[in-house]
Amino acid sequence: MKNRKIGFLLLSGLMVGPILGSGIIILPPAVFDTAGNYAIFAWMIMLGLSMLFAHMFGKLSLLIPGDSGVPLAVERAFGTQIKNLSAIFFLLAVCFGPVAVLGTAGHYLQLLTSQSLFHEKWLALGLLCFVYLILTRNITDVGKFAFIMSTFIVVTLLVGSLHTLFTVDGNITLSNPITVSDFGQSLLLLFWALIGWEVIGSYSLEVKTPERTIPKAVALSFSIIAVVSLSVALAFQWIHSDSKSATNQSLAPLLESLFGNWATPIISTITIALCISTVLLVIGAVSRLISDQAKNGLLPSWLSYKNKNNVATRGLLSLFCIHIIVFTLFFLNIISIQQLVAIANAFFLCNALLGVLACMRIFDSIWLKIGSAILAICFFSILLFSSIYILLAIVVVAVYFGWLQKKESIREQKMICQVGNDL
């Protein structure tokens, strides 16, 4: 069967939901609590940085295409062993993150269905199996499914927010001063909204005419994300502007003017869709990474296999086994959602950090270098908030692969000198 590839619409559908992520539900109340009515300016600044981040990784995916994504750019910039370090960071993040995300989705699914027959953790397991079932399909089918979910999410949030802005009494005033510390804290919170664009490179071989498709998909995705984010943030401020903090941390009030009593179930459905979209994107990306690493001899060769739909089925199977183990630990309360999120976030940040550092070295544009430096400083600053045990693990792994890269560089220099002497 000939492998079908996707165009810019399906690629955009694959990206929008995961990049909006649960942040579009969690961040508007959190940022408003920190920055008050100045929160909208924090959103604008962050969207400007997000546009830069998206542009950089869109360019990288064209410059260095391949199933491995960011690690390929890291290899170009720093060498093979640092590429392996980037791959390990991404792989570790996706070993833990999806179980936490689907654990959250299971909680909302139980609230939505109001049933007591199945515990929310069993619902999370059901969603995990459902995601893997979708991922066994070809990229076109996965893209269509993601596009439908992204369309539902975007249309519902956008229409609900705009309806609130035009029909609900509210106002936004900037009479109360804000400290630099509070505004900085709001920006720190919003940096989580950047994560996700770096995954686009893993799908660079799955699109038609990448040189046209990827830039169009990035531009469309960013435009949609920017409009939805600003609309939701502005609408949330509009209805809470008279209070210093948001007593109701839900986005349901944004939809109540249009959907009435259906607002809360709709928000729950949107949250579930966002969680599924996110997990689809990252598991699909890592299954491709595993296949590519195996093809290059860094993992057992049998993991490189792809079926007639170009799906890395053995990579998916290995990830599924890992996720079942992590889910078992979660089910037995040995590890919590909060701990899973903390671990995954730290490794996602490390991978993104290596990606922007690679951009600094690869791109010639001084503006892209400056932008990469700003993003690198911010990602590193956020990483320092991680648990000391996670940071120690990251340092140990990074030092080990740095040492391997140093040895490899010395060996290559000796070989070059030897060849020069022979000549």
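Every residue gets a Cβ built from N, Cα and C, even glycine.
Residues or ranges marked as transmembrane segment by TrEMBL: 7-28, 40-64, 85-110, 122-139, 146-166, 186-205, 217-239, 259-290, 311-335, 341-363, 375-403.
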Can we call the transmembrane segment (259-290) and the transmembrane segment (311-335) in contact, meaning three or more C-beta pairs below 8 angstroms at a sequence separation of 6+?
yes
Go through the chain and flag residues at least 6 beyond the ends of the transmembrane segment (375-403) whose CB is under 8 A from any CB in it; none is fine as an answer.
49, 52-53, 81-82, 84-85, 88-89, 188, 191-192, 194, 342-343, 345-347, 349-350, 352-353, 356-357, 360
Using Cβ atoms and a strict cutoff of less than 8 Å, what residues sit near the transmembrane segment (7-28) while being 6 or more residues removed from its termini?
39, 101, 104, 140, 142-144, 146-151, 153-154, 157, 189-190, 192-193, 195-197, 199-200, 203, 207-208, 212-214, 216-218, 220-221, 224-225, 228-229, 232-233, 236, 251, 267, 270-271, 273-275, 277-278, 280-282
Considering the transmembrane segment (341-363), which listed stretch of 40-64, 146-166, 217-239 counts the most C-beta pairs under 8 Å:
40-64
Please check if the transmembrane segment (122-139) comes into contact with the transmembrane segment (311-335), where contact means 3 or more CB pairs closer than 8 Å and the residues in each pair are separated by 6 or more positions.
yes
Test the contact criterion for the transmembrane segment (40-64) and the transmembrane segment (186-205): 3 or more CB pairs under 8 Å, pairs 6 or more apart in sequence, then answer yes or no.
yes
Tally Cβ pairs under 8 Å between the transmembrane segment (217-239) and each listed stretch (85-110, 146-166, 186-205, 311-335), then give the stretch with the top tally.
146-166
Looking at the transmembrane segment (85-110) and the transmembrane segment (311-335), are there 3+ C-beta pairs under 8 A, with each pair at least 6 apart in sequence?
yes
Intrachain neighbours beyond the transmembrane segment (311-335), with Cβ under 8 angstroms and 6 or more residues off its ends:
67, 94-96, 98-100, 103, 121, 124-125, 128, 132, 135-138, 283, 286-291, 294, 302-305
